[in-house]
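Record features (Swiss-Prot):
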BINDING   Gly169, Asp170, Arg171, Gln172, Thr173, Gly174, Lys175, Thr176  ATP binding site
SITE      Ser362  site 'Required for activity'
Amino acid sequence: MAINAQEISALIKQQIENFKPNFDVTETGVVTYIGDGIARAHGLENVMSGELLNFENGSYGMAQNLESTDVGIIILGDFTDIREGDTIRRTGKIMEVPVGESLIGRVVDPLGRPVDGLGEIHTDKTRPVEAPAPGVMQRKSVSEPLQTGLKAIDALVPIGRGQRELIIGDRQTGKTTIAIDTILNQKDQDMICIYVAIGQKESTVRTQVETLRQYGALDYTIVVTASASQPSPLLFLAPYAGVAMAEEFMYQGKHVLIVYDDLSKQAVAYRELSLLLRRPPGREAFPGDVFYLHSRLLERSAKVSDELGGGSITALPFIETQAGDISAYIATNVISITDGQIFLGDGLFNAGIRPAIDAGSSVSRVGGSAQIKAMKKVAGTLRIDLASYRELEAFTKFGSDLDAATQAKLNRGRRTVEVLKQPVHKPLPVEKQVTILYALTHGFLDTVPVDDIVRFEEEFHAFFDAQHPEILETIRDTKDLPEEAVLDAAITEFLNQSSFQ
């Protein structure tokens with residue numbers, strides 16, 4: 001048989017042309033140090049800041065420190081199986097988390113993995129945890145109210161959709177309760193809620209999740225949890241993961257409420273990571289960029305322009321103070337970033353005034369423009385009245401004789417404090433808030449004994465529900481008060497029927 005050299009050479013040539021090498025070229029390095037959620041690696045010459053890196057055992061890390069000799073890496077998850085000398089590879093990607101509708105009703109960790117035992121989350125959408133905030137021209141001013149269902153907040157420090165309102169106070173003053181009640185009040189309000197629990201006990205998070213489930217709020221809520229037992233990198237990442245999930249909905253034109261509970265623990269986790277990465281410590285041993293840590297997070301909350309869908313992210317960050325010191329480093333940082341703060345006082349809480357909102361130290365810088373007309377009318381002088389009452393109350397401790405006008409102010413003040421109290425997990429619709437505050441500010445409660453105010457309010461709301469639902473409907477639909485004569489007549493009718501005269 002004759003050998004055809006041309007045929008063979010053509011065949012070989014074809015084989016060479018069709019050959020596809022079955023390998024990929026990736027830059028690798030070697031782990032030189034491991035411990036406390038931190039690794040150092042040598043050899044990753046072209047790695048990017050924030051890039052995702054893959055360890056030999058399948059764990060992932062994120063490049064944080066880019067130095068001339070090595071790279072400082074925070075490890076996402078368990079680091080006990082990683083050893084010095086292990087290989088580490090670049091992925092060329094930055095960290096992303098799963099996003100979308102399928103996360104609603106689920107409890108996930110900061111990497112988007114389910115921790116509620118309800119199976120896998122099926123979504124093919126992801127978003128980067130670090131993303132630029134909307135620019136100046138991409139934003140709209142805050143104009144729509146976000147009703148918390150709490151009289152003290154909706155009347156004194158109103159919050160608008162797209163606002164950042166800090167909730168600040170000592171531990172055990174009711175910060176989480178305010179957030180949970182606000183989430184409960186978003187039912188049927190076309191609002192998606194994200195609750196980010198940072199550095200809390202797992203039993204506490206479980207309790208919050210059960211509360212949300214019990215009241216049907218888990219149907220529109222995502223819970224992101226990085227518990228106290230988890231490594232610092234996950235506590236540091238949790239808020240960014242939460243806001244990435246929120247951005248997906250915002251850019252679809254939806255409205256989102258996100259709660260960060262709390263950013264003090266995130267700052268402590270970041271301080272721990274920074275010290276382990278040998279970054280220079282500053283005030284209170286925090287690194288120099290701790291302000292940027294929170295500003296780049298909170299600036300991502302906004303009400304975006306109509307061209308981008310007109311959606312919004314409203315942020316309620318928490319800061320825990322020590323002995324009521326709101327001039328501490330992290331507290332003043334976050335106060336300067338946010339659009340106002342709600343200060344919860346230890347003394348008020350212990351005196352049974354709950355929610356323990358200190359009206360004098362609390363402010364909402366942009367929420368007033370989002371408050372509905374009816375609430376503006378009834379609550380306009382409430383803050384000043386409350387402040388003057390506190391002043392007079394302190395003055396009366398000296399036992400001075402009081403004139404009739406001062407005594408009347410004190411009586412009104414005591415009733416105001418009682419009306420603004422509210423039981424937990426019982427948010428009140430805004431139309432009911434308006435009616436009781438109208439009755440208060442127009443003197444209808446001046447003859448009601450202070451001890452009977454709570455019972456008075458319960459019966460008052462029941463009466464309006466049964467006898468005058470049209471008044472509540474008018475306030476709900478028009479966002480304004482009905483004719484004063486109509487309201488006065490209805491309240492007088494209630495007083496004539498009741499035993500409070």
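If you go along the chain as it appears here, the first residue is 1 and each next one adds 1.
Placed from the backbone N, Cα and C atoms, the Cβ positions cover glycine too.
Shown here: features listed in Swiss-Prot, placed on the structure.
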residue: Gly169; record: ATP binding site; contacts (Cβ under 8 Å, 6+ apart): Lys175, Glu320, Thr321, Gly324, Phe343, Leu344, Gly345, Asp346, Ala356
residue: Asp170; record: ATP binding site; contacts (Cβ under 8 Å, 6+ apart): Glu320, Thr321, Gln322, Ala323, Gly324, Leu344, Asp346
residue: Arg171; record: ATP binding site; contacts (Cβ under 8 Å, 6+ apart): Glu320
residue: Gln172; record: ATP binding site; contacts (Cβ under 8 Å, 6+ apart): Phe349
residue: Thr173; record: ATP binding site; contacts (Cβ under 8 Å, 6+ apart): Leu344, Gly345, Asp346, Phe349, Ala356
residue: Gly174; record: ATP binding site; contacts (Cβ under 8 Å, 6+ apart): Leu344, Phe349, Arg354, Pro355, Ala356
residue: Thr176; record: ATP binding site; contacts (Cβ under 8 Å, 6+ apart): Gln208, Asp261, Phe318
residue: Ser362; record: site 'Required for activity'; contacts (Cβ under 8 Å, 6+ apart): Leu156, Val157, Gly340, Gln341, Ile342, Phe343
Suppose the ATP site is Gly169, Asp170, Arg171, Gln172, Thr173, Gly174, Lys175, Thr176. Which further residues of the same chain have a Cβ inside 8 angstroms of that site's Cβ centroid?
Glu320, Leu344, Phe349, Ala356
At a 10 Å cut-off from the C-beta of Lys175 (ATP binding site), count the other C-beta atoms across all protein chains.
24
On the three-state reduction of DSSP, what should I expect for Lys175 (ATP binding site)?
helix
